[in-house]
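Worksheet: one structure, shown below.
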Amino acid sequence: MSYRGMAWPWGSWESCGRRLGDGPWSNKVAMGQESWVRLGGGPWGSGVAMGHRCGRRSGEEPWGRGLAMGQGQEWNRARPHSFVAGVIHPWRVSAFERLLWRACRGYLVASFVEMPEPMEDPATGETITWVIFLISYWGEQIGQKIRKISDCFHCQVYPYPESEASREETMNGLHSQIQDLSLVLEETEQYLAQVLDKVAVALPTWRVQVQKMKAIYLVLNQCSFDVTQKCLIAEVWCPVRDLTQVQDALRQGSYKSGSSVECFVQRIPTSESPPTLIRTNKFTAGFQSIVDAYGVASYQEVNPAPYAIITFPFIFAIMFGDVGHGLLMFLFALWMVVYENSPSLRQASNEIWQTFFEGRYLILLMGAFSIYTGFIYNECFSKATVIFPSAWSVATMANHSSWSSAYLATHPTLTLDPNVTGVFRGPYPFGIDPIWSLATNHLNFLNSFKMKMSVVLGIVHMGFGVLLGVFNHVHFQQRHRLVLEFLPEMVFLLALFGYLVFLIFYKWITFSAADSLVAPSILIHFIDMFLFTSNAGNLPLYRGQVAVQTVLVVLALASVPVLLLGTPLYLCCRRRATKTGHHGQVATEEQEPLLEGQEAGNSVNTTKEDVESGGHSPDAEHLDFAEIFMHQAIHTIEYCLGCVSNTASYLRLWALSLAHAQLSEVLWTMVMRNGFVGLSYVGGVVLVPVFAAFAVLTVAILLVMEGLSAFLHALRLHWVEFQNKFYVGAGYKLCPFAFAVDTGE
């Protein structure tokens, strides 16, 4: 094997006797009493001092066969040593070293050193810590063997000058090249940095331009060639009031492009149902998205979104009425509205946050309406506020009663009698009287108030929905539905549930707190109304009440067959009249399609009703009587049963309002009130974590969970109870061409 560090194969001895067995000549070397001496720091010293007598080596050696050594200096000058230098992969060093030793029989000196820094393999791109080798040898045959072995091991061999001066010159040249290359690389990096800085400024503009070009070519690819293969035909939907802008844009495009043929727009009739375009802004977009989630409005159908701007936050506030909670929600939405142009808020990646941010104006109105209903309920974090003096006087009751100390000690609750003069001085100016928060029967009072309020608001909301259906009937020229559908629906709703609202207001106006004990029950009267009877134990509200209720029930029942059979019979008679008067009249207009492969009458050249009719013309009716009757029967059953179930469904306003008030009161009693027990400094320290817990629970439970619950219930009341009275929602949105940010995605 070879020896690292340029070591002499058989050691470095000053004097030796005879070395057998382990030298490079094995057992063939016999030395005299004096032998070679290794001096200096070269591979074999800077010179070999030879004795006057030397042994003789017979056999094969690098410098020939049977060479007799004379003076060492003369031999060294005659046979100079050569070098092979290069780099090798670290995994191949051991095999490379072993093969060199066996092939060259040890007549070389090899040195291996790892590079101080790893370098990239130009073939594979892998970062490798290469090993540098330097091999010293004598003789051209040994050099050829070393070079062949280096090639076999894929070594990178580099020239190594023989003389010291040449090596120094080569080193100086390499250092100068390294400096030049470093300078060039540094200047190149600076130039590239400047170019990239300029590109970074222009990159957004380039990206927008590329996306616009891709979007334009995408639209152009959807166009069709005409029969002459010389122009493009695009069949699009366009709002009527925007046609002039489209024509001006095409005219300007033709002028700027230098085209000899001017582009033009031509309105064409079609039987397809046009898409729906509802123009919104940042305020109305949230409310329109709520309606669109139920279904996109049919073409030219009444849009419930403008009315939902008021009704949706108000119905939400009925279930969420609290001044404190509404104020927190209002301030949160106001913060989003004020900083709506902030990139950090607008470009947030959180989907939940994006939902809140897009509905910021909706949350703003919900918070404002909740503050209003909170003042009506007189609740601020479940505590009543005294805005006006109470209408109930405890002092007057105490002065006119025999409340002694013993009576007060045995009666933990006291009753205020409104029949005593001065105890009740009339209704509270605004909202609920704060004294009810101290009463033991305040829950019964609030339940009665909120239940009646829910029924009244629900019936008014449903009646308003039925009334909006009139605009659809008039606009689509279906005036027969005004008499055969709208009128029976209003009679059925008002004769039964409208009368219930009348009873509620009549009782509120007629009976006061003084005679509340003799006030009759509205529920019993409403049950007796359907039974066509009267209850002697429940006094009537007015004279002739039984007769009026009987007439109203008969009217409601009579409106059902009109609603069921009116529209089918009318359409059937109209169909017969149409067949009799227009028998045999068929359109025979011949048309040639503009587009290749298009059937005449399919889209472009159809001779149906114009685009403004939207398929809702009087002739666009079902022609099968059985199908018409089935459709009307389903509508009648759904409406009649829905009036009952939907009225009961509005009682969720009462239930959720009560649940919100009770949760708020429990949270105050179980958490916040414990922080006011101690009045010392210790109590002040304890109040801090108590208030923190109260704030966290208020936000998590009452604002987030209760707010989400009230939102979902308000959403259901609008979708099911309100919109199904007039809204079909069977259309599809108009998706106009626009340069959106994500056009290229």
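From the backbone N, Cα and C atoms, a Cβ is placed for every residue, glycine too.
For the ranges 455-474, 655-674, 715-734, the feature annotated in TrEMBL as transmembrane segment maps to 455-474. Taking every listed stretch (314-339, 359-377, 517-534, 546-571, 679-705) in turn, the largest tally of C-beta pairs under 8 A with the transmembrane segment (455-474) is reached by 314-339.
Against the transmembrane segment (679-705), the recorded stretches 314-339, 359-377, 517-534, 546-571 differ in Cβ pairs under 8 Å, and the greatest number is found for 314-339.
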